[in-house]
Amino acid sequence: MATTNSNSVSEPFPIFKLAHRYLLYDVDTISYIRARYNIAGVLIGGLPQAPQQNVFSGIPLELMPEEARLLVEKGVAHIVDDTKAHKEGFLGDGLGEGEKRAYRESLRRQGTAAVKQVEKRKQESSKAALSKKLGVSDWNDIPEDMFQPSRASTKKKKGRREPGDVSGASTPRIEEGEESLFGAGGSSRPPLSLQTINASTASPPPYGVTPATSYPPLSAQPPSGPPGSSEASELDLGKLHTIGSSAQALPEVPPSYPLFKHLHEKDYFMTPGLRFGCQYTAYPGDPLRFHSHFLANGMEWDEEFSLLDVVGGGRLGTGVKKGFLIGGEEERKPNTTNGEANGGDHDDDTSDGNVRAFCIEWAGM
């Protein structure tokens, strides 16, 4: 994997939260966290015309809640509300009216160019089909009347009223100063002139273009306080190019997070384990270079589980040449030892829980 210039990524970088999912849109940030923090994530971007293409996906990169939580706890990232950021930037005072009109016009030009490309491909394919049907090597030798529509289709079109045809039933006119029955809402359309009707029938409407990136690019300022502070539930979003946010709440994580964090501190790459029926798959290095070593499931310390799950996980792990690993965080116990006996005073009365993991392999009957 190509190395990324660390100077191009400033910490803390934004992680955008959209519909309870944590996304990264910047390619440099994606490469940076993979090389520096052992965070691989899952690429979920695809082409609109190829929705079933799921082998080589692109940006954005989706992070597990555990990965987002880990980056926020390290102080190298912060959470930004994606929906609110876009609303504040596009619908607020982020862009002026002139900029909005210019941006919409550029999208319309892109849609018109896409329509022309499609029409050009249609004409080329029809000419190639006629050349093959008539046995002509050069399509210029095909008579011009072969490209004209048939009379039957012309008659059908004549019998069908066009959307902009005003020669049919009369439409009640609304005098100036009067109100329409349905009000002057945004759905009302101005009367179409003959030139507008001819232009609309001559050229198809442009395609709707969905930009792949925000304009201007969505950015965010780091939070003003430590993660998990009292201001965590609010977002102070400003303009699109200078989005600010207050201190963010830590992302909610499942009970298996202590095991995830424990393995990550051991320099393991962690990816979702749905493929093997577990919570995580642990790699000793970059997943592009190594096979996974463990199928990991995290549990609470007093959580009950069936022995059949242990047997099934052990057999599955052995069958795919991996170890089945389960683990959890020990409960925090009161510190009963005297502070003086330990060589000093202790202000807190609890000790941090220790994560313990057990690897299970199926040896046979």
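Backbone N, Cα and C define each Cβ position, glycine as well.
Note that the structure is a prediction, hence the values are computed from the model and not measured.
The active site annotation in TrEMBL covers Tyr283 (among others). Around Tyr283 (active site), the C-beta neighbours below 8 angstroms that are at least 6 residues distant in the chain are Tyr268, Phe269, Met270, Thr271, Phe290, His291, Ser292, His293.
The active site annotation in TrEMBL covers His291 (among others).
Cβ environment of Lys322 (active site): Phe276, Thr281, His291, Ser292, His293, Phe294, Leu295 lie under 8 Å away, each six or more residues apart in the same chain. Feature annotation from TrEMBL assigns active site to Lys322 (among others).
Here TrEMBL flags 193-202 as compositional bias 'Polar residues'.
Residues annotated as domain 'TSEN34 N-terminal' in TrEMBL: 14-82. Per-residue confidence over the domain 'TSEN34 N-terminal' (14-82) averages 88 (mean pLDDT, predicted model).
For 257-329, the entry in TrEMBL reads domain 'tRNA intron endonuclease catalytic'.
For 139-234 (among others), the entry in TrEMBL reads region 'Disordered'.
Taken from TrEMBL, the feature region 'Disordered' covers 327-353 (among others).
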### Task
Take the domain 'tRNA intron endonuclease catalytic' (257-329) and count its residues per DSSP category (helix H/G/I, strand E/B, coil), listing them in that order.
25 helix, 20 strand, 28 coil
## Note on the structure
Taking all protein chains shown into account, the Cβ-based neighbour count within 10 Å for His291 (active site) is 12
